[in-house]
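Each remark here refers to the structure printed beneath this line.
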Amino acid sequence: KEKKKGKEGCSLPDSSWEERLADAVTPLWRLPYQEQLQVKYESQRRILQTLASRLEELGIDAQKPGGLCCPLQPVVPSPIINGYRNKSTFSVNRGPDGNPKTVGLYVGTGKARNIVCVKAYHTKNIPPKHKQVAQCYEEFICSSPLDSCILFHEGGHWRELVVRTTSHGHTMAIITFHPQELGQDALATQKALLKEFFTCGPGTVCALTSLYFQESTMTRCPHEQSPYQLLHGEPHIFEELLGLKFRISPDAFFQVNTAGAEVLYQAVGELCQATGDTVLLDICCGTGTIGLSLAHRVSKVIGVEVVEKAIEDAKWNAAFNGISNCEFHSGKAEAVLPQLLESWEDARPLVAVVNPSRAGLHYRVVRAIRNCQSIRRLLYISCKPEGEAMRNFLELCCPPDPQKKLTGEPFAPVLAIPFDMFPHTVHCELVLLFTR
C-alpha cells in the first residue's frame, strides 16, 4: 500500500493522494507553526556549522559559540502562514484516476517514472484563487479536442499554468502551449477559445486581470525566446509593498510571500546601516523591490538584473513612485557588474545586496565584489544557502588567491538571520551579513 508521512516523517499506511501531495510540497504541514520554526532554525544552524568547518579548512578561524561561523538569530516568522503564495505553477499530467489532463502538482519523480499529477486542493501554502484558476483551466482543456503535452516528442499541446495574484485582488494567468505542427490559423483558434472561456464562459468566475499565452517548445522559456502574448486584460498586475506600488510582468521575479517580503526588506534596510551618502548596489534586483524600498535611506541605488522585462518594470516602478535616485541595468550580472566596479572611483560608501536564484552568483560577480575595496558591507539573501550559495560564501571569505584573481581583502560572516518566507516547507530565506 501507498504510505503517508507522520509528524516526524515516519510512514503511515493508506495515505490519500492529497496527503501525499501535501507531504511532498509542504513537508512540515502537520507541525504546529512554532515547531516548524524550530525545525528551520536547526536546519540553518547546521548550515552555519558547515560553513564554519569549510572556512577552517581554508585556514580561517571561523568557529564561534556552537561551532557556528557567526551568531544566528531566531527564525523571523511569516505574517501569513496559510495561502501566502502570490505565484503558483501548475503542471498538466496524468492524475491518480488516469486523466491525462489533470492540472495540479507532482507526486513522484521522472527518474523513478512514477509521476502522478494531483490537484492542489489541500495544499496549505496555495491560496484559494490559484486553486480556482487551476480547476477552471482543467475544465477548459478537458473540453478541448487537443491533447495535453506530457512528453514533448509524443505530441500534445496543453502544458503549464502559472497564476500570479496581488493584495489588490489582481489575478494573472499564464498558459504555456506546445504548438507542435499547428499552423497560425489553428493557433489563433485555440487562443480565441481560451479567451472566450475565461471572459464569457465558465472561467469568468476567476475574474482574470490578465490572460497570457506562451507558445513554447522548451521546458522553461523567457519572453525574449518566446514572447508572452496578452489574450485579455491588462499587461501588468500591481502590488503594494512598504508603501510603494510595483508593476509586475509575467516573468518578472517578485518574492512569493508579499507580507514576508515586507518584513525581510525592512530588516535588510537596518542591516545595511546605510547613511545619506551611501550607494546601494542591488544585484539580481528583479523589479527593483529591495533598492526602491531603501532608496529614501541612501544617496543612490544601482540595480542589475538579467530579465529585461523586470528592468522595464523596475524603471517604471521608480518613475511611478517618484524615486529619482535609482538606475537599473539590464544584462547578466557577470557581464554588467565587473564593468561597473572596475572603474569605480566614487568616494561614497558602497553597500551591496545580492539576492540570486538557487544557482547562486557567477564567479565573475563574486570576484568583482571581492576586488572592489569600496564594498565593506555585503548582504547575501539566499533561499538555498546549503547549495551553490555555499560556494559563493567560501569565495567571498577565502584568503586572497592571485591564481583565481581574488586579490581583494576577504569578507567575514558576522550575522545570520533566517526569515520564514515559505511556511509548511523546509525552506527559509537566509540573510547573511558579511563585512571586511
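Every residue, even glycine, has its Cβ placed from backbone N, Cα and C.
Database features, via TrEMBL:
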type	residues	note
BINDING	Gln255, Glu305, Asn355	S-adenosyl-L-methionine binding site
ACT_SITE	Cys383	active site, nucleophile
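Gln255 (S-adenosyl-L-methionine binding site) sits 11 Å from the residue listed as 'active site, nucleophile', taking the C-alpha atoms as the reference points. Here Cys383 (active site, nucleophile) is positioned 18 angstrom away from Glu305 (S-adenosyl-L-methionine binding site), judged by their C-alpha atoms. The S-adenosyl-L-methionine site, placed at the center of the C-beta atoms of Gln255, Glu305, Asn355, has further neighbours from the same chain whose C-beta lies within 8 angstroms: Phe253, Phe254, Cys284, Cys285, Gly286, Thr287, Thr289, Ile290, Ile381.
Around Asn355 (S-adenosyl-L-methionine binding site), the C-beta neighbours below 8 angstroms that are at least 6 residues distant in the chain are Asp282, Ile283, Cys284, Cys285, Gly286, Ile290, Ile381. Residues Gln255, Glu305, Asn355, recorded as contacting S-adenosyl-L-methionine, have a largest CA-CA distance of 15 Å. Close to Cys383 (active site, nucleophile) in the fold, though at least 6 residues off in sequence, lie Arg358, Met421, Phe422, His427, Cys428, Glu429, Leu430, each with a CB less than 8 Å from its CB.
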